[in-house]
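Chemist: Per Swiss-Prot, the feature substrate binding site maps to Thr8, Thr9, Asn10, Pro11, Ala12, Lys13. According to Swiss-Prot, the Mg(2+) binding site annotation covers Glu38, Gln68, on the basis of sequence analysis.
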Amino acid sequence: MHQVISATTNPAKIQAILQAFEEIFGEGSCHITPVAVESGVPEQPFGSEETRAGARNRVDNARRLHPQADFWVAIEAGIDDDATFSWVVIDNGVQRGEARSATLPLPAVILDRVRQGEALGPVMSHYTGIDEIGRKEGAIGVFTAGKLTRSSVYYQAVILALSPFHNAVYR
């Protein structure tokens, strides 16, 4: 059984990690341990580079806390131009897989507040009345009318980031 350290305690992200690992390695093939670690970037990262750095930092910090694990996984959400997206970073001590998620364009009413220094999650909670929306369906769930959720979009990015770990051509 793979010991997987999730560099987040966010249920939406943990669900995506678990589903993706079970899709690739088989049901019941892994045990997820969530840990809260620092990203080293602002609460609301801006741009692909800063967001990716946050995910990389979380993986490195999780690995320092739990060096005995088989995998360390981080999902860092950010804002790039007028959209939200995330970077997924997965490490197994030998190689690293990284993938960027799909992007969701955000309306100006939301972006204006985020650009003024507020994090997307609290802005969306205020807008929707849903407490801790970032730990649930997220802006993705709201603006796609539930057709996608934060977790479902992250799931795809985790699957992509896992590609180097089960395809020999990457080695």
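Glycine is no exception: its Cβ is also placed from the backbone N, Cα and C atoms.
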Chemist: In the structure shown, which of the binding-site residues Thr9, Asn10, Gln68 has the fewest Cβ neighbours within 10 Å?
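Modeler: With the binding-site residues Thr9, Asn10, Gln68, fewest surrounding Cβ atoms within 10 Å: Gln68.
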Chemist: For a quick check of understanding: among the binding-site residues Thr8, Glu38, which residue's Cβ has the most other Cβ atoms within 10 Å?
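Modeler: The largest 10 Å Cβ neighbour count belongs to Thr8.
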Chemist: Using a Cβ cut-off under 8 Å and a sequence separation of 6 or more, which residues in the same chain sit near Ala12 (substrate binding site)?
Modeler: Gly134, Arg135, Lys136, Glu137, Gly138, Thr149, Arg150, Ser151, Tyr154
Chemist: Could you state the whole-number distance in Å separating the C-alpha atoms of Gln68 (Mg(2+) binding site) and Thr8 (substrate binding site)?
Modeler: 18
